[in-house]
Amino acid sequence: MMLTKKTLSSSLLILGLAAALGACGNDSGKGGAEAGKAGSAAGSEKHAEGEAKKDEHAESGAELTLSSEEAERAGIKVEEVKVAALGESLNVTATIAPDQDRLAHVAPRIAGRITSAPAKLGDRVRAGQVLATLDSVEVGESSALLQQAQAELRIAEAELKRIEPLAADEIIPRKELLRAQAERDKAAAAVRAASDRLRVLGGSPSAAGARPSGFTVTAPFAGTVIASKAVLGTLAGPDTAMFVVADLSRVWIQAALPEAAVAKVTVGARAKVTVPAYPGQTFDGRVGYIGAGLDKETRTVAARIEVPNPDGRLKPDMFASATIEVVGDKRDLLAVPDAAIVLMNSQPTIFVYEQGAYVARPVQPGERLPGRTVIAAGVKPGEQVVTAGAYSLKARQQKSQIGHGH
């Protein structure tokens, strides 16, 4: 009986120890799991922090470094930002027109049938260059009169040549010599008159025998053929222009000034012109004319800006915008070319070149000027700004950001 009690007590003691050990094991497992979770959370937090730093680094616009060869291939150009004293200005829409003082509607002096028209629309022609050739009955008649006068002159000259030695030897009276000289002079005058008439009609005295009825229409000055109605085989007359020739080395920018601004614009005022065909480029000119009357319907006054156009890029009938300097106080403004500004994350941005690298910098644009934009904040005078190739730098930076983001 005593053995049984001791055995039972030992069993109970073993069970108690086992339970205690089990409890300790459970507590240790829970602690280990919690420690594992804490370690994992800490690791995740550090990883997230690292990724955030990477994203922040990419978002801030890391410096871009390019070699001189890479910059040249990308077309990158840098310009120093300067403060300029700019006066008040007036922006108007306009259209381009030929200089009316150098515009010619070319028509034949007499009616004729077109036999050739070597000048084509858009051709540049020299002064006196043949635009078209025509045939005319009137020119043919004038050519015949010239040939008749030339024949009579030859007869008169031959007669004078025969009489001169006879008169010198006093074989014939001197009055015969005088008569022969008068006949020669009369025939020469008839030739000159017939030649002048043929030349006025457009014919060529030297070609009167070869093409007696043919005459030409020529360019009055060097310019461009901007209109042509010459059709082979058709009749053309002095009442209808066959060609319109314009000297486009200078063009007119025709604008309308609002009534309220007329007093501020003066003849000779400087103007800058832009056209959609050449974005980012400006053409300088001056106001050459301000109308004397007001349009009753639009309440505007016609104005003309004269702009040199040596390369012919400005074409008649192009739409244009003009910024005209008006009377008023001048202001010191900081402006950069429009091509210097790009949008990055919907924020106007420029690239500043500093310490051998290109750095993206957000800016606050101000008013628009012809081909330039005033910068209200974000850049200082003297800084080097990328004025060409900014979009190439933007693409490189975006590519770099994608690389960081994997």
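Numbers run from 1 along the shown chain.
The backbone N, Cα and C atoms fix where each Cβ goes, and this holds for glycine too.
Remote same-chain residues near the coiled coil (139-166) are listed as 110, 112, 172, 176-177, 180-181, 183-184, 186-188, 190-191, 193-195, 197-198, 201-203, 205, 208-209, 212-215 (criterion: CB distance under 8 Å, separation of at least six residues from the stretch ends). The coiled coil annotation in TrEMBL covers 139-166.
Positions annotated as compositional bias 'Basic and acidic residues' by TrEMBL: 44-60.
The domain 'CzcB-like barrel-sandwich hybrid' annotation in TrEMBL covers 102-247.
If you look up TrEMBL, you'll see 250-324 marked as domain 'CusB-like beta-barrel'.
Taken from TrEMBL, the feature domain 'CzcB-like C-terminal circularly permuted SH3-like' covers 334-394. Mean model confidence for the domain 'CzcB-like C-terminal circularly permuted SH3-like' (334-394) is a pLDDT of 82.
The feature region 'Disordered' is assigned by TrEMBL to 29-71.
Marked as signal peptide by TrEMBL: 1-25.
Each residue in the domain 'CusB-like beta-barrel' (250-324) gets a DSSP state, and the totals come to 6 helix, 37 strand, 32 coil.
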